[in-house]
Amino acid sequence: MDLRTAVYNAARDGKLQLLQKLLSGRSREELDELTGEVAGGGTPLLIAARYGHLDVVEYLVDRCGASVEAGGSVHFDGETIEGAPPLWAASAAGHLDVVRSLLRRGASVNRTTRTNSTPLRAACFDGHLEVVRYLVGEHQADLEVANRHGHTCLMISCYKGHREIARYLLEQGAQVNRRSAKGNTALHDCAESGSLEILQLLLGCKARMERDGYGMTPLLAASVTGHTNIVEYLIQEQPGQEQVAGGEAQPGLPQEDPSTSQGCAQPQGAPCCSSSPEEPLNGESYESCCPTSREAAVEALELLGATYVDKKRDLLGALKHWRRAMELRHQGGEYLPKPEPPQLVLAYDYSREVNTTEELEALITDPDEMRMQALLIRERILGPSHPDTSYYIRYRGAVYADSGNFERCIRLWKYALDMQQSNLEPLSPMTASSFLSFAELFSYVLQDRAAKGSLGTQIGFADLMGVLTKGVREVERALQLPREPGDSAQFTKALAIILHLLYLLEKVECTPSQEHLKHQTVYRLLKCAPRGKNGFTPLHMAVDKDTTNVGRYPVGRFPSLHVVKVLLDCGADPDSRDFDNNTPLHIAAQNNCPAIMNALIEAGAHMDATNAFKKTAYELLDEKLLARGTMQPFNYVTLQCLAARALDKNKIPYKGFIPEDLEAFIELH
């Protein structure tokens, strides 16, 4: 263990005497080096603050000159926080004495992490009320600094269910209707977490029922997450609304004075909210803050029922909520009709939404139809662009796959993938997950068929080819973006999945016309000139063993001679270069694949091409490999190649004296 690591470990473990022994008598330069970042990215001061070692913190700052602002990496709840200052770490862990000490020694109260999280947000996240009070009350920490997602301290307090912190922030003037980058408010966070008491608190401070970027109100957010208590509270009939036929109160639309809707109408520092939800501001009832229309209540109950089907797996509970929704639709003799679907969907087995009480009651004998109803309801209310819509379609497909109904699974997954590609940005994580699921499913089914023979489930060319075509389309869409996707891990993964689908296509029978279609699609991919990590082309990736690791479950095995041949047949350049000037031949040599090397050479790859380190592919072959002795590089070297290497070796100037295509040939060597 080196001295730097020993200092870090002593600070982490709170061993002050050992730390003093290691650091005493050191020069300023040595102290700066020893109290700086270690290999993991943290500093001794940061880790001491993280674990609350006050004496170590003060020693490092006062005696060793450690910077109270130096950020680093620190671990919390299984996550690595980058660029965290010591004050952030102490606040997140709730060490009030360390927080006081660091602030007395000049730490900035609003200094943020790499994701723009402040010490105040860190304290709010884990519910450290005393730290929050100290940061705000004694040092005027900014309540409104949001993280990179636009999520504020009030929002995270609501989401985590820290009622007293939320109350305190509101008393200090936190903006109750502030919106995040995705348009959600603190009310949405309460609804998603099921924090009814905090939701009542916010409504008492004039929180508005806004729609977020997906068109979701807090009421719908509660339905999606299955928080029945929030839904029941928000849809209860409101006093003072107009009466409908039959003498029952009908919930009406919100009537709110805009002048009082921008948070708590109190000066900063004045008490904003009452001491309990039963004592609202200005004598107003909480109910008057959140009247809900009949249509909104119906949709909330229908969506809640869908959540009971798919998330809670409670079909009887779902029926109960759907019955209430149906009663509301027919309330007072004025029927609220459902919109007619533009067309029936094969993936849903051509199901229609029920429209009468009789149709609804008939569902109790058909659980599968109930599950289709849940998918139909969710798509109607949330729309195709909401992540939950496609997520639960895929979830239902996975359930079918688990029971061996792969055909039904594939239909649902294809429908979800079409929905994602039509509504989400290219290479969104959800779309990438869909492609990977397809590859893993196809691999499993093809292995199952091989094991069971004709009894296995049939996966045909059309299934694989359909997904491959969509994968190539996704790459084309990504390359049309204004930013360059080549360095994106998601883009590399998309290319790898396409190669795995090509690998699997070898295992299904193809007619000549289908083979032609496959080659056309691969040609489209190559024409895009996509590049993955380190500038890898698809041909580089096909000869690299790391391409095998694409998900949790095995799909194809790489390097793959079959995939290499398909790519070469479709026009892949065997002399293409990555960022280190490696050709696919170099990568094949690094992976000890002489058979693939021979295929590349036969396709015109230059055996004597050198990479950025002036190594040929032959020189990269494992010396212990038997095939190295059988490969004769000079059998593939032309006189032209030797001349090019001689020019390079002797540093003979050639640029401007020969044609440009010859210049490129010399640079290859």
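Using N, Cα and C of the backbone, Cβ positions are placed for all residues, glycine too.
Pulled from Swiss-Prot:
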type	residues	note
REPEAT	2-31	repeat 'ANK 1'
REPEAT	40-70	repeat 'ANK 2'
REPEAT	82-111	repeat 'ANK 3'
MOD_RES	S108	phosphoserine
REPEAT	115-145	repeat 'ANK 4'
REPEAT	149-178	repeat 'ANK 5'
REPEAT	182-211	repeat 'ANK 6'
REPEAT	214-243	repeat 'ANK 7'
REGION	240-278	region 'Disordered'
REPEAT	298-332	repeat 'TPR 1'
REPEAT	390-423	repeat 'TPR 2'
REPEAT	534-576	repeat 'ANK 8'
REPEAT	580-609	repeat 'ANK 9'
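Tertiary neighbourhood of the repeat 'ANK 8' (534-576): same-chain residues 436, 439-440, 442-444, 486, 492-493, 495-500, 502-504, 506, 518-519, 522-523, 525-526, 582-585, 587-588, 591, 593, 595-596, 599-600, 603-606, 609, 668, selected by CB-CB distance under 8 Å and a gap of 6+ residues from either end. Beyond its flanks by at least six residues, the repeat 'ANK 2' (40-70) meets 7-8, 10-16, 19-20, 23, 28, 31-32, 34, 82, 84-87, 89-90, 92-93, 95, 97-98, 101-102, 105-108, 111 of its own chain at Cβ-Cβ distances under 8 Å. Taking Cβ-Cβ distances under 8 Å and a sequence gap of 6 or more within the same chain, the neighbours of the residue listed as 'phosphoserine' are E69, P85, L87. Stretch with the most C-beta contacts under 8 angstroms to the repeat 'TPR 2' (390-423), considering only 115-145, 182-211, 298-332: 298-332. The list of residues near the repeat 'ANK 1' (2-31) in space but at least 6 beyond its ends in sequence, with Cβ under 8 angstroms from a Cβ of it, reads 38-39, 42-45, 47-48, 50-51, 53, 55-56, 59-60, 63-65. Note on the repeat 'TPR 1' (298-332): DSSP counts are 30 helix, 0 strand, 5 coil. The helix, strand and coil residue counts that DSSP assigns across the repeat 'ANK 5' (149-178) are 16 helix, 0 strand, 14 coil. Shown for the repeat 'ANK 9' (580-609): DSSP residue counts in helix, strand and coil, namely 16 helix, 0 strand, 14 coil. Along the repeat 'ANK 8' (534-576), the predicted structure has mean pLDDT 96.
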